[in-house]
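Notes for the one structure printed next.
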């Protein structure tokens with residue numbers, strides 16, 4: 001049971017990270033300047049420029065969808081990701097089918113497959129891939145009606161029946177259209193699901209506000225979304241991507257001074273939006289909490305957790321970083337980090353000071 005709860009907690013954080021990354025991307029993307037650049041260039045006759053206001057509206061719709069995904073209950077969020085995974089699997093199935101039809105057209109062989117080893121090898125490879133895709137779709141959607149996900153196997157069946165290659169191309173297009181119609185039917189049958197979810201969520205919010213107030217609602221959302229851990233994971237993902245993008249474009253190993261410069265530069269690059277700055281704040285808070293917890297454990301052992309089970313330290317360092325970053329604009333990032341380290345050392349001194357003073361009255365050698 002404990003393992004299941006831990007898995008649910010991990011999923012609750014991991015599945016919400018993409019929504020914050022989408023918010024971060026939307027914040028970085030300036031739609032007005034994008035269309036101004038198109039207007040200045042030779043692409044001003046591009047049809048995309050004619051739909052400027054539609055793109056602006058879609059920009060705000062993206063914000064709304066990101067917030068909805070961020071606040072969606074975990075069960076519905078998992079279901080949404082499963083639907084998205086099924087769509088990717090169906091796309092992979094049609095890619096396998098299209099590649100198979102293209103390879104058959106290039107070979108030009110229309111006879112029985114068992115007489116041509118290469119043709120038989122291509123057929124078996126595509127068949128195994130299609131069966132894996134159908135099985136995974138059936139498992140993800142939790143249904144035994146595997147035929148719902150097997151439309152992309154029609155070209156293989158047609159090739160097995162020695163249908164001409166030109167006809168197989170038409171059958172492949174029909175399979176794609178049939179799958180698209182299935183997806184449209186599924187979307188139409190679940191068209192009212194977002195409305196019903198929003199309606200039920202509104203009722204619950206009104207009830208909570210009437211009974212407990214806005215503060216209790218905010219604290220409940222804070223705990224359910226695990227906001228500090230969520231933003232910390234989001235920032236660590238950004239930082240890892242920044243480091244990876246640097247080393248993927250460099251062939252020679254960096255020196256020690258270069259690594260320190262890379263570390264500071266990557267931190268600054270990962271703080272260009274309010275969302276990434278909050279992520280750094282919570283990351284620093286957790287790092288400070290870990291350092292102070294180790295310090296207290298080194299000085300007092302397990303008694304530190306018995307006497308003070310809830311250590312609310314570390315937030316001071318995060319708030320200090322946030323205030324200095326807002327005031328300076330991260331221009332002097334190394335100075336800010338030194339101040340944060342000094343704050344951590346001050347907190348460590350506050351932990352160690354009463355213990356050192358008590359040693360004088362202790363008879364324990």
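The backbone N, Cα and C atoms fix where each Cβ goes, and this holds for glycine too.
All annotation found in TrEMBL is predicted automatically rather than curated by experts.
When the ranges 53-73, 116-136 are checked against TrEMBL, the one recorded as transmembrane segment is 53-73.
Between the listed ranges 20-38, 153-171, TrEMBL ties the annotation transmembrane segment to 153-171.
The stretch in closest packing with the transmembrane segment (177-198), judged by the count of Cβ pairs under 8 Å and taken from 80-97, 153-171, 319-345, is 80-97. When each of 53-73, 205-223, 319-345 is checked for Cβ pairs under 8 Å to the transmembrane segment (281-299), 319-345 comes out on top.
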